[in-house]
Amino acid sequence: MAHINCTQATEFILVGLTDHQELKMPLFVLFLSIYLFTVVGNLGLILLIRADTSLNTPMYFFLSNLAFVDFCYSSVITPKMLGNFLYKQNVISFDACATQLGCFLTFMVSESLLLASMAYDRYVAICNPLLYMVVMTPGICIQLVAVPYSYSFLMALFHTILTFRLSYCHSNIVNHFYCDDMPLLRLTCSDTRFKQLWILACAGITFICSVLIVFVSYMFIIFAILRMSSAEGRRKAFSTCSSHMLAVTIFYGTLIFMYLQPSSSHSLDADKMASVFYTVIIPMLNPLIYSLRNKDVKDALKKVIINRNHAFIFLKLRK
């Protein structure tokens, strides 16, 4: 990798979503509202799953981990983006930029692999219901979560080290609202061919493998549903999988648009809009997708609300 003698950047300036001052405050209010909804939705879902014993199953174990990743995923990006709306020049240090990129990649890859683990869980539940609790033991569930976290951390660490070993001397102005690969690579004066091949290989292998696991799992699930004689059984099986199918389609579709396209066709403005969708909107949507379309979660939420109301009435009567 060729290096050019130059003054290395010690900080970066994030351009943000817009240069129009009149849009910044409305966008700040909008994204702050979305972020608060994301935090409440995902943390609330985790607490609900932990509090209700009827939700202590492998399916909801994976869902609570997905909610945790969504919360972290959004929290890595959104607070800094909100600051960009309030300050004229949003400066981020070299080390903070590296940390943000590393954390972002860790949680993005974790989400992709967790969705694949959840697809396997759905496959076992629909295709082998009698063996479900035998196959999906606590040990297997922990492995299906630990492997994505471990792989994601190691891949993100290596990826971040490669990115920040490059020389940044052309400019320190990042045309994005967070530290991401494509905008950073446009600033470097180093040879980026190896880095771009690494991005393509990692994104391709990781996401294609994840998509294949999901695709194969759902092919077996669809065949199993079609073989069911009971219409009620087919409806229940489909309702079990529909939320996950929707979440998978939204997440992978956005990532394919972002990363699995030639670098020459990348438009940073289009990338910004796609990035908003999968770093801000998807973490907000997932709790809604999995809650509003899930009878067990809705019943557990009603139970919590009723119990709290009863406790409140009891305390009022004691007074």
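For all residues, glycine too, the Cβ spot is worked out from N, Cα and C.
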* Per Swiss-Prot, Phe177 shares membrane side with Ala270 -> yes
* Second cysteine of the disulfide that Swiss-Prot assigns to Cys179, among Cys97, Cys103, Cys241 -> Cys97
* Which listed span Swiss-Prot calls transmembrane segment, if the choices are 146-166, 272-292 -> 272-292
* Structure fact -> Counting Cβ pairs closer than 8 Å to the transmembrane segment (57-77), the top stretch among 123-143, 205-225, 272-292 is 272-292
* What number of additional C-beta atoms lies within 10 angstroms of the C-beta atom of Cys179 (disulfide bond)? -> 27
* Structure fact -> Lying 6 or more residues past either end of the topological domain 'Cytoplasmic' (119-122) yet within Cβ distance under 8 Å of it, the residues of that chain are 58-59, 62, 136, 144, 213-214, 217-218, 221, 240-241, 244, 248
* **Selection from 123-143, 240-260, 272-292, the stretch that has most Cβ pairs under 8 A to the transmembrane segment (29-49)** => 272-292
* Asked: Who are the long-range neighbours of the topological domain 'Extracellular' (78-97) in its own chain, taking Cβ under 8 Å and residues 6 or more past its ends?
  -> 9-14, 16-17, 24-25, 27-28, 31-32, 34-35, 38, 164, 174, 177-179, 184, 279-280
* To do: Count the other Cβ atoms sitting within 10 Å of the Cβ of Cys97 (disulfide bond), across every protein chain shown.
  => 25
* **Distant-in-sequence neighbours of the topological domain 'Cytoplasmic' (50-56), which means Cβ under 8 A and at least six residues beyond its ends** => 64, 296-297, 299-300, 303-304
